[in-house]
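Chemist: Structure below; questions to follow.
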Amino acid sequence: MQETGVHNGAHGADKFGLKNLKGIYWNFGAPQLYEHALRNGEAVLSADGALVADTGVFTGRSPKDKFTVRDATTETTMWWGGNQSITAEQFETLYQDFIKHAEGMTLFAQDLYGGADPSFQIKTRVFTELAWHSLFIRTLLRRPDRADLAAFVPELTLIDLPSFRADPKRHGCRSENVVAIDFARKIVLIGGTQYAGEMKKSVFTTLNYYLPERGVLPMHCSANVGPAGDTAIFFGLSGTGKTTLSADPNRTLIGDDEHGWGKDGVFNFEGGCYAKCIKLSPEAEPEIFAASSRFGAVLENVVLDEITRKPDFDNGSKTENTRSAYPLESIPNASPTGRAGQPKNVVMLAADAFGVMPPIAKLTPAQAMYHFLSGYTAKVAGTERGVTEPTPEFSTCFGSPFLPRDPSVYGNMLRDLIHNHNVDCWLVNTGWTGGKYGTGHRMPIKVTRALLTAALDGSLRNAEFRTDPYFGFAVPTALPGVPSDILEPAKTWADKAEFDKTARALVGMFQKNFAKFEAQVDADVRAAAPDVKIAAE
């Protein structure tokens with residue numbers, strides 16, 4: 001077997017059972033991986049120097065094809081209400097079949113860190129069949145110094161083989177596509193899909209399992225910090241604006257998707273960003289556009305002009321879930337450390353497809369826990385397979401597919417952190433105004449940015465607030481530069497009776513969804529629920 005590149009020879013591929021390989025390329029950088037991806041026909045070049053790849057049938061995550069080994073430990077530590085299980089024996093069969101399938105292949109290996117805080121990071125080794133997948137995960141996780149690679153000993157191992165086809169009867173899975181995690185052995189197997197996001201979310205899921213035991217809250221969020229050292233966290237599902245809103249030229253970016261919050265503050269899990277880029281423009285999102293238009297960026301399912309090879313970011317013919325992966329250092333004001341102090345503000349983003357939520361609301365600590373456990377948003381087109389238009393969704397902790405443990409574990413940790421550090425909490429609707437999806441329109445990003453700026457710089461604290469009659473939270477009545485009507489959703493609807501009917505319906509959905517958490521939360525959190533009786537007055 002031919003091996004090229006720097007790595008720890010005492011902890012090579014053979015330690016994981018990989019054998020009879022044609023070769024391994026260890027820890028290659030972007031130029032080398034570009035060469036291999038282009039030579040192998042995996043990807044093409046854009047006119048701006050980005051590597052552009054198609055992911056085939058799978059243009060989003062497949063949460064129904066994700067499985068975790070159920071053993072004596074995970075029997076009691078896993079949240080089986082939200083996760084699917086396979087037996088240790090089924091995983092071992094799958095693992096051996098992966099090893100057999102890899103024989104004769106040339107693989108790409110990356111040694112990386114999951115987590116910017118050395119006290120809590122997990123050393124991760126990723127074997128990939130495709131060169132562009134190797135570049136993707138090298139971009140998304142954190143890269144060790146070259147001098148540290150020779151002594152790198154992995155704790156978590158991912159094997160990513162898109163050409164592998166699982167057998168549901170043999171492997172205990174659902175289809176030919178599979179993501180399987182064994183927390184005891186710290187091994188992740190990904191087969192049958194070229195969608196690169198499965199790799200990063202598998203590392204995220206692993207950190208979500210281990211970090212609560214060590215007093216760190218893992219979060220599906222973005223984070224940035226202001227000139228005064230004021231850290232802000234933005235919770236939200238894919239497509240709600242985490243990446244866009246955290247890329248603020250007046251604030252330092254910590255990260256766009258995954259973070260931990262512990263006794264020393266906030267730290268990024270990653271070293272790159274993974275931005276939705278449908279309708280990406282230099283006017284609306286200049287920093288993300290620039291980062292996606294240069295050497296080192298990886299574009300997924302983005303259509304190129306046949307002649308100019310310029311990306312057509314407005315073209316969603318392959319999927320609405322077009323993506324751009326780029327290193328954090330491509331953002332001019334990104335933090336080199338990926339770490340920041342204790343948050344001053346927590347923002348919960350919701351793409352309200354009903355168009356009845358205000359653009360911003362201030363939450364009490366009890367309301368914050370209620371809305372964190374509810375995780376209301378809309379499934380935005382293309383983020384998961386089979387979703388072609390936004391539909392209402394409650395995803396607990398704003399990341400249900402990535403939660404190995406019971407949601408109450410994360411909710412209680414958030415409650416304590418908010419209380420201990422006197423954090424201000426906000427709910428922001430980045431979804432629809434002037435009507436529900438189909439009749440209204442998306443909330444203008446300029447409005448959202450103006451409201452967020454006022455919240456984060458403290459000026460919104462001094463505003464006059466009204467109590468929303470449906471949801472009970474505090475909504476500002478006026479803010480310079482923001483149309484007053486947009487702050488009161490009912491005024492943006494032509495049909496006020498239809499607004500009332502729609503708002504009441506959403507209140508009922510919140511109550512129905514939260515019923516499963518009522519026995520696990522304190523009375524003040526139950527009292528923070530939207531109230532149909534209020535809405536009916």
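Each residue, glycine too, has its Cβ placed from N, Cα and C.
What Swiss-Prot shows for this protein is this:
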BINDING   ARG61, TYR195, LYS201, ARG323  substrate binding site
BINDING   LYS201, HIS220, ASP257  Mn(2+) binding site
COMPBIAS  311-321  compositional bias 'Basic and acidic residues'
REGION    311-342  region 'Disordered'
Chemist: How many Å separate the Cα atoms of ARG323 (substrate binding site) and ASP257 (Mn(2+) binding site)?
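Modeler: Taking the Cα atoms only, ARG323 (substrate binding site) lies 13 Å from ASP257 (Mn(2+) binding site).
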Chemist: Please list the DSSP helix, strand and coil residue counts for the compositional bias 'Basic and acidic residues' (311-321).
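Modeler: The compositional bias 'Basic and acidic residues' (311-321) comes out at 0 helix, 2 strand, 9 coil.
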Chemist: Among the binding-site residues ARG61, LYS201, HIS220, ARG323, whose Cβ has the fewest other Cβ atoms within 10 Å?
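Modeler: Each of the binding-site residues ARG61, LYS201, HIS220, ARG323 was scored; lowest Cβ tally within 10 Å is ARG61.
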Chemist: Taking DSSP as the reference, which of helix, strand or coil describes ASP257 (Mn(2+) binding site)?
Modeler: coil
Chemist: At the Cα level, what's the spacing in Å between TYR195 (substrate binding site) and ASP257 (Mn(2+) binding site), rounded?
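Modeler: So the alpha carbons of TYR195 (substrate binding site) and ASP257 (Mn(2+) binding site) sit roughly 17 Å from each other.
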Chemist: With a radius of 8 angstroms around the mean position of the C-beta atoms of LYS201, HIS220, ASP257, what other residues of the same chain does the Mn(2+) site pick up?
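Modeler: Apart from the listed residues, the neighbours are LYS200, PHE204, SER238, GLU258, GLY399, PHE402.
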Chemist: Roughly how many Å separate the Cα of ARG61 (substrate binding site) from that of ASP257 (Mn(2+) binding site), to the nearest whole number?
Modeler: 15
Chemist: Any same-chain residues 6+ apart from ASP257 (Mn(2+) binding site) with CB under 8 Å of its CB? Would you list them in sequence order, or say none?
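Modeler: Set apart from ASP257 (Mn(2+) binding site) by at least 6 residues yet with Cβ under 8 Å, we have LYS200, HIS220, CYS221, SER222, LYS242, THR243, GLU270, CYS273, TYR274.
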Chemist: Residues near the substrate site, ARG61, TYR195, LYS201, ARG323 excluded, by Cβ within 8 Å of the Cβ center?
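Modeler: Going along the sequence, the neighbours appear as GLY60, ALA196, GLY197, GLU198, LYS200, TYR274, ASN321.
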